[in-house]
Each structure stands twice: as C-alpha cells, then as structure tokens.
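Engineer: Residues or ranges marked as L-histidine binding site in TrEMBL: 84, 85, 86, 114, 128, 132, 259, 263, 264. Per TrEMBL, domain 'Aminoacyl-transfer RNA synthetases class-II family profile' is recorded for 1-326.
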Ligand code: ATP
Ligand code: MG
C-alpha cells in the first residue's frame, strides 16, 4: 500500500469542531467591523513578488526568508503566496481608483503564508483579519483602530491582553535616529549576532527588535527614536494618546516596538498576552503614510492592523470561550420506500419554512436511525414509518425534554413544529 499523504508541514486542517469555532468568530468579527463602518474587500492569494519586496522591504524577515515565491511555469512571472494583506489591499485600492478623493475603511480576512519554523501559534499557513483605513491622516483613525480592537477583545471575553504603542516618527526623523543608532552600534559591533552584523547598515532599527537575549543590554541602552521625534510627530502621538485616555484604555509606551515591516511610520501598536507563551502578539498595526505612493499611487496617508486568528482563538479558548455547536431543529427518520420519498418532501417543506433539517441518509433500521437523531443534538425527531406515509402524516418525537410524541398531518408540520420549538425554548428559559 502506498504511504498516506499528509498536509504540508505548518499548514493545518481545521476540522469541524474547530471550524465551527472559526465560523462563530467570523460572525462576531463581521458584526464588529460593520459597527465601525468598515467594508469588505477580497484580494487574490497570489501576487507579483515585487509587490511585497517594494511594500514590506527587502531587508526584512518576511522578504529575506519567509516568502513562498515561485516562477509561474507557463510564463516565468515571479509570484508569491501573500505573506500579509496590507500590500495587496493597497495595490487593489490603487489599481481600482478606490482612493480617488475618497477615504476608505476596508477589511479582509483569509490565509497568509510565511515559511517560518512551525510551533504553537506560528504556522506556515495562518489566518489574519486585516483592517485598513486609507486616506486618513489624523490620529483619530489610529485611535479608532486601537479602540476597536479593545472592543473586540471585550466582545470575545479575552483576558490578559495588554496594549503597547510607540511612534516611529517621519522618515527624516528615522534617518537622524538611524545615523545615531549606527554610530552607537558600531561601538558594539563585535558583540552583535550574525543578523545584527548584517543589518547594521541595511536596517539597524530592526536590531532593536531582536529576540536574542544576549543583545538585550546593548539594545536597551541604544539611542531612542523618541528623542528624535519632531513637533508634528509628537503632536500626532499625543493626539492618539489623548483619545486612548479619554476612552480610559490603559497602554504602555514601548520604545523598542518597531514592527517587522518597513512601511510603518508614526503610530505603531501591538496587543500582547502572557497566556500564549512565546507567540504572545495577537494583533499588530500602525500607520503607513508612505505606502500608497511607494506602490505607485497618488500619495495618501493610511493606517491599519492585522490580527492572527489562530492566536486569538487559542486565547479565547484559554479564557473559557466555547463555540455553540449548530444543531438541526429536526432529525428526520424514515422506514420503507414510500416513507423515504415522503421524507424528502417533508424535509424540503420544512427547510422552505426556515427550519434546519438533517434527513437521515444511508439506510439502517429504525433503532440505529434514532441513535443518529439523538447524536445530532436536534430537539425533535420527525418519524415517518409506513403507517404515517400511508396516512400522509408524521410523528413528531421530542428528543430532549421527554414531552409527548404527537402525530400530525404533513401539511401542518411546519406550524406545529414552530409552536413546539417555542414551547421547549420557553421551558429552557424557565419562563413558563
Ligand atoms: P511575530 O513577531 O509573532 O512573528 P509579526 O510581527 O511577524 O509577528 P505581523 O506581520 O504584524 O506579525 O502579523 C500580524 C499578526 O499575525 C501577528 O501579531 C500574529 O498574531 C499573526 N501572525 C504573524 N505571523 C504568524 C504565523 N506565522 N503564524 C500565526 N500567526 C501569525
Ligand atoms: Mg514574524
């Protein structure tokens, strides 16, 4: 026998029990986004490789070593499975003139691909919900993004989530800081690790973001970008903080928060938790005023964020979150050929009036069908035996609360079922 095939390492199947949790999460997320006036957009999963090189930056972890890039076998085009959504979203907005004098609030969700070392909370195919506000320049939209995250954590009942913010200033301010940083790091050149040595002149800011414990002391004492911020950047950052304080939202300024993508400027933020081990960042984002122009659009300011769905759902479960398993209203069992044909008609009639119906398929005796009915979680079984079929009737059998089994005409079933479901819900509430 040939060896069974497995999914690609770091790319997970999401099985029904989990997929139901995902769907419930997606429902909550959709309502939440609509309540802030964001509109959906869907981009392709494959994009031209130069898009990510230009947007994310050549000297970043993502572009240097995490992208799934390949040449189209038919025309040699350089393509990449998207590692994130902002670049695609901005590309789409430019391509379709979405920004023409028109600020836009957009969201998307879906799979992203990064060739990383798989571990808990870090996968090669993972999923993000991304939010982008294109054409907005003030600190108001930065604050809106942060506050809307806080509301979602609240809606989901997440605990132990902390907000960290920082300002990366303008590109000129970053350049001045960068020069000071290089001079400082040159003084510690021999202590830097391989990544640090390599990035010293290409992307020294990223050295501040190192996870290497041996470099923490050096990084701690490095020149702070905060000391290089000019008046406008400070005003913007203070503006964001004022909105956060007005909302009573606690935050910590983390001077070393620089983010792993080059396109950010001014406000950046991360939501972190201590409950998920090393992969504790559940959501991250910030302002990227230069990106639209960098990708060839008419210059427009913008800000956004993305959350990692796998990490959020782990935390949700850590905090006691549980999905309600969707159950049918009715499980339909039948015995005999005439009954089976009647069962198809009854099932469609019930669905046509809005009920969720699982029709037993695959044959089997009455007893084994009733077992399936029980396992389905449905509150009622509709039973059609030969007798019922001949009389044009069905038996309605309660499966949960021991109520009485009744026989009704097929035409009367939808109404009777509606009444009985209402009664059993009221009993569950204890309101009778
Ligand atoms: P990290 O520092 O954990 O690598 P990042 O800075 O690379 O994160 P972003 O590009 O900002 O992450 O993506 C936003 C969010 O997407 C992260 O905060 C995280 O929740 C999630 N995320 C990123 N990479 C992965 C991954 N490989 N597997 C699962 N979730 C991920
Ligand atoms: Mg990363």
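Glycine too: its Cβ is placed from the backbone N, Cα and C atoms.
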Engineer: Tell me, by DSSP, whether residue 86 (L-histidine binding site) is helix, strand or coil?
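Structural biologist: The residue in question, residue 86 (L-histidine binding site), is helix (DSSP, three-state).
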Engineer: In the three-state scheme derived from DSSP, which category covers residue 128 (L-histidine binding site)?
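Structural biologist: DSSP assigns residue 128 (L-histidine binding site) to strand.
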Engineer: Sequence gap of 6 or more, C-beta under 8 Å: which same-chain residues meet both conditions with respect to residue 264 (L-histidine binding site)?
Structural biologist: 168, 258, 286, 287, 288
Engineer: As a test of reading the model: what is the averaged pLDDT for the domain 'Aminoacyl-transfer RNA synthetases class-II family profile' (1-326)?
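Structural biologist: Mean pLDDT, the domain 'Aminoacyl-transfer RNA synthetases class-II family profile' (1-326): 93.
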Engineer: Please list, in sequence order, those binding-site residues from 86, 128, 264 with the Cβ less than 6 Å from ligand 1.
Structural biologist: 128
Engineer: Over all shown protein chains, what is the count of other CB atoms within 10 A of the CB belonging to residue 84 (L-histidine binding site)?
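Structural biologist: The Cβ of residue 84 (L-histidine binding site) has 19 Cβ neighbours within 10 Å.
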Engineer: For the L-histidine binding site, please report the maximum Cα-Cα distance among 84, 85, 86, 114, 128, 132, 259, 263, 264 in Å.
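Structural biologist: Comparing all Cα pairs, the maximum is 21 Å.
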Engineer: Under a criterion of Cβ-Cβ distance under 8 Å and sequence separation of at least 6, what residues of the same chain contact residue 259 (L-histidine binding site)?
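Structural biologist: Correct list: 168, 209, 268, 270, 284, 286.
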Engineer: With every protein chain in view, how many other Cβ atoms are within 10 Å of the Cβ of residue 128 (L-histidine binding site)?
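Structural biologist: Here the count is 23.
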